[in-house]
Ligand SMILES: NC(=O)C1=CN([C@@H]2O[C@H](COP(=O)(O)OP(=O)(O)OC[C@H]3O[C@@H](n4cnc5c(N)ncnc54)[C@H](O)[C@@H]3O)[C@@H](O)[C@H]2O)C=CC1
Ligand SMILES: O=C(CO)COP(=O)(O)O
């Protein structure tokens with residue numbers, strides 16, 4: 001399916017990569033930037049040199065900073081950092097046509113409310129149908145047309161299928177899923193585990209440590225998710241273990257790269273400044289820590305991540321204290 005009018009809201013790395021793909025799939029794409037400097041730099045350079053250098057933004061893509069651009073679209077894609085989702089959704093709310101699919105690319109949880117991105121969107125934009133598009137998909141690789149598979153999750157199955165039709169192409173395979181809560185929790189929480197994986201790499205621990213973190217990490221995520229009502233199988237799919245694998249192992253991952261710097265001894269601020277792009281796991285670790293307490297779910301890795309990031313626990317001590325926890329049965 002092509003020839004649709006689509007607004008991509010957010011012109012960072014992922015917004016740009018998705019806008020380019022949707023345009024080359026034959027759609028009429030408008031790309032919205034938060035700041036005029038970002039819009040004009042993209043216009044001048046034909047690329048976003050700051051967030052996705054080397055990827056040509058086609059001249060067919062309309063560039064704007066006017067949020068009312070969403071008003072006549074068949075589909076809206078939201079690609080701002082999670083901390084900007086509420087303000088951006090609020091700003092566009094009056095312009096969204098009733099029943100418009102809103103594809104959410106942002107991966108995170110709201111700090112104070114502990115809400116998912118689709119819950120925020122539903123609160124702020126009464127008329128939209130939220131779809132979470134999530135899975136192992138680094139912008140740098142999608143922009144190079146590297147074969148990628150991902151999940152479109154929506155409570156309305158026809159809308160998930162519509163999104164699948166629009167995004168699918170020979171290098172981008174989309175599966176549908178009705179478990180939007182599980183897909184969003186998987187996407188937000190794997191970032192915290194990826195930070196931890198980076199930390200163990202930065203300390204100089206090995207592949208054994210990382211494999212253990214990934215395996216026990218997805219277990220923690222699934223334990224919380226199922227208690228909140230998500231399907232366990234979602235966490236063993238693309239938006240769960242799939243995204244966890246890519247984020248814990250890829251040098252494209254900003255979360256992993258920030259973790260490596262922290263494991264090497266840098267402060268959180270130094271790590272965030274050096275990575276420069278959005279490192280969602282930092283914010284999600286706080287929300288995940290609060291959620292685990294609220295839901296009374298044991299999440300030892302998430303707790304240690306929080307203590308390292310916000311309570312100055314030395315990274316090596318965090319790993320050792322995880323190793324020295326009480327003896328357990330694996331299945332529990
Ligand atoms: N980059 C990737 O490969 C992927 C990113 N994502 C998710 O997509 C979301 C966006 O990430 P990226 O595009 O990578 O970001 P980025 O780090 O490449 O760029 C940040 C973007 O956010 C904008 N921004 C900053 N503050 C803002 C505000 N208050 N309001 C609106 N916009 C603001 C900046 O102008 C810039 O366009 C994140 O939640 C991320 O987890 C998901 C999958 C892949
Ligand atoms: O979610 C992502 C890939 O699927 C992006 O991960 P990072 O934010 O760690 O780069």
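Each Cβ is built from the backbone N, Cα and C atoms, and glycine gets one as well.
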Candidate from 139, 143, 222 that TrEMBL assigns to the same NADPH site as 14, 35, 107, 254, 278, 280: 139
Neighbour count (Cβ, 10 Å) for residue 107 (substrate binding site): 29
Candidates near ligand 2 among the recorded positions 11, 13, 14, 15, 190, judged by a Cβ under 6 angstroms: none
Site diameter for NAD(+), Å, by largest Cα distance between 10, 11, 12, 13, 14, 15, 139, 254: 18
Model confidence over the domain 'Glycerol-3-phosphate dehydrogenase NAD-dependent N-terminal' (5-158) (mean pLDDT, whole number): 98
